[in-house]
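Engineer: Right, I'll just put the structure down here and ask away after.
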Amino acid sequence: MVISPHSSVSPVASPSRPRIVAALSGGVDSSTVAALLQEQGYAVEGVTLWLMRGKGQCCTEGLVDAAAVCEQLGIPHHVVDSRELFQANIVDYLVAGYAEGITPLPCSQCNKLVKFGPLLAYAREKLGISQMATGHYARVRFNAELGRYQLLRAVDRQKDQSYFLYDLSQEHLAHSLFPLGEYTKAQTRQLAARYGLVTADKPESQDLCLIETYGSMRSFLDQYLGQRPGEIVDTQGRVLGSHEGIHHYTVGQRKGLGIASSRPLYVVRIDAAMNRVVVGEREEATQAEAWVSQVNWVSIPAPTGSLAVEVQVRYRTPPVPAMVIPESPERVKLQFAEPQFGVTPGQAAVWYHGDLLLGGGILERPSP
């Protein structure tokens, strides 16, 4: 990670004013966090990660807006050149995953390996600050009985982002604040307007930063993987059509298959070894159970026995009842109360007890 020479010099904070870093993307949420913490008496310093190579909203407008907010609040602004880190841990990770026929989840990976860990290290080593705050909609509490920091859903369930934070460590949570976890998005907008922030009316980003840069995930992947034609087959192996690359497909997909059929067909699995997309009827794209690896137990120690939970297998899907059956602390089997449609290898399965996020991991490819 290379530190930009444009970082400003930190002022000496009063002993009575705790120092904190605000991770600023240039959006209304992180901007409001900086203003809110300043109002609460913190000596705030803004840090923006320069992530993407080339042009894009997250690389140009975001940096400019973050700098404008810091100038408006009268706080230092530091820019950290994280482009190589982002390329290695996110871009290369995505490309490799799609080439193998899975659908990776970049946001949780980015939070752990690009944002929280490196940003906390930068704050400590370069600024002498041990606390950071972000604009994520989530909550953290300390459970004294367990001696453990716990991650909870945000008050605003429509904006809750705890799903993307499941892979954070106790060290990350111990030194992170999520001030917006107690607010709704509408209240955040109201706060931004009250503070008169230049980002108060900025539209909310709807896509991954990669999509904002490349226009679409398809364009992004085509730049790296190109076209790799192959067959679309049914579950019996009959050829129904052709595709231009398995990286254009994901399990559960129905639209854009480009094949004629008298009944609705969905992507059931992706066979990377044969360069094939396998399609079938909806029932064939459902699973009663799934294996999850790279598990991180966030709010509780890893259990030795089965656990009844509510699990999300995608960010926008509602939680459903399931049993978590540990094989080891790092690998578990999920048994769904009812078969689930479109359980996608590479995505995260994250399980909760009410608002409490217990743990999560990466969905494995099912056995053929």
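Cβ coordinates come from backbone N, Cα and C, glycine included.
Okay, these came from Swiss-Prot:
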type: ACT_SITE; residues: C110; note: active site, nucleophile
type: ACT_SITE; residues: C209; note: active site, cysteine persulfide intermediate
type: BINDING; residues: A23, L24, S25, G26, G27, V28, D29, S30, L49, G135; note: ATP binding site
type: DISULFID; residues: C110-C209; note: disulfide bond
type: SITE; residues: H136; note: site 'Interaction with tRNA'
type: SITE; residues: Q347; note: site 'Interaction with tRNA'
Engineer: Can you grab the distance from H136 (site 'Interaction with tRNA') over to C209 (active site, cysteine persulfide intermediate)? Cα atoms, rounded to a whole Å.
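Structural biologist: Between the alpha carbons of H136 (site 'Interaction with tRNA') and C209 (active site, cysteine persulfide intermediate) there are 16 Å.
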Engineer: Going by Cα-Cα distance, pick out whichever of the recorded positions C110, C209, Q347 is nearest to S25 (ATP binding site).
Structural biologist: C209
Engineer: Can you tell me how far the Cα of L49 (ATP binding site) sits from the Cα of Q347 (site 'Interaction with tRNA'), in Å?
Structural biologist: 25
Engineer: Give the number of CB atoms, excluding that of S25 (ATP binding site) itself, located within 10 Å of its CB.
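Structural biologist: I get 22 for this one.
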Engineer: Restricting the comparison to the recorded positions C110, C209, Q347, which residue's C-alpha is spatially nearest the C-alpha of G27 (ATP binding site)?
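Structural biologist: Comparing Cα positions, the closest of these recorded positions turns out to be C209.
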Engineer: According to DSSP, folded down to helix, strand and coil, what is A23 (ATP binding site)?
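Structural biologist: Going by the DSSP assignment, A23 (ATP binding site) falls within a strand, counted as strand.
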Engineer: Does DSSP give H136 (site 'Interaction with tRNA') helix, strand or coil?
Structural biologist: coil
Engineer: For Q347 (site 'Interaction with tRNA') and the residue listed as 'active site, nucleophile', what Cα-Cα distance in Å is obtained after rounding to a whole number?
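Structural biologist: Distance between the two Cα atoms comes out at 14 Å.
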Engineer: Looking only at DSSP and grouping its letters into three states, which state does D29 (ATP binding site) belong to?
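Structural biologist: Looking at the DSSP assignment, D29 (ATP binding site) belongs to a helix.
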Engineer: As a test of the contact definition, list every same-chain residue at least 6 positions from C110 (active site, nucleophile) whose Cβ is closer than 8 Å to its Cβ.
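Structural biologist: Residues satisfying the criterion: F86, N89, I90.
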Engineer: Cβ atoms within 10 Å, counted per site: which of A23, L49, C209 has the most, among these recorded positions?
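Structural biologist: Result for the most crowded candidate: L49.
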Engineer: I want to verify one value. Collapsing DSSP to three states, which class is L49 (ATP binding site)?
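Structural biologist: Looking at the DSSP assignment, L49 (ATP binding site) belongs to a strand.
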Engineer: Provide, as an integer number of angstrom, the distance between the C-alpha atoms of C209 (active site, cysteine persulfide intermediate) and D29 (ATP binding site).
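Structural biologist: D29 (ATP binding site) has its Cα 16 Å from the Cα of C209 (active site, cysteine persulfide intermediate).
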Engineer: How big is the ATP site in terms of the longest C-alpha to C-alpha distance among A23, L24, S25, G26, G27, V28, D29, S30, L49, G135, in angstrom?
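Structural biologist: Across A23, L24, S25, G26, G27, V28, D29, S30, L49, G135, the two farthest Cα atoms sit 16 Å apart.
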Engineer: Helix, strand or coil for C110 (active site, nucleophile)? Use DSSP.
Structural biologist: helix
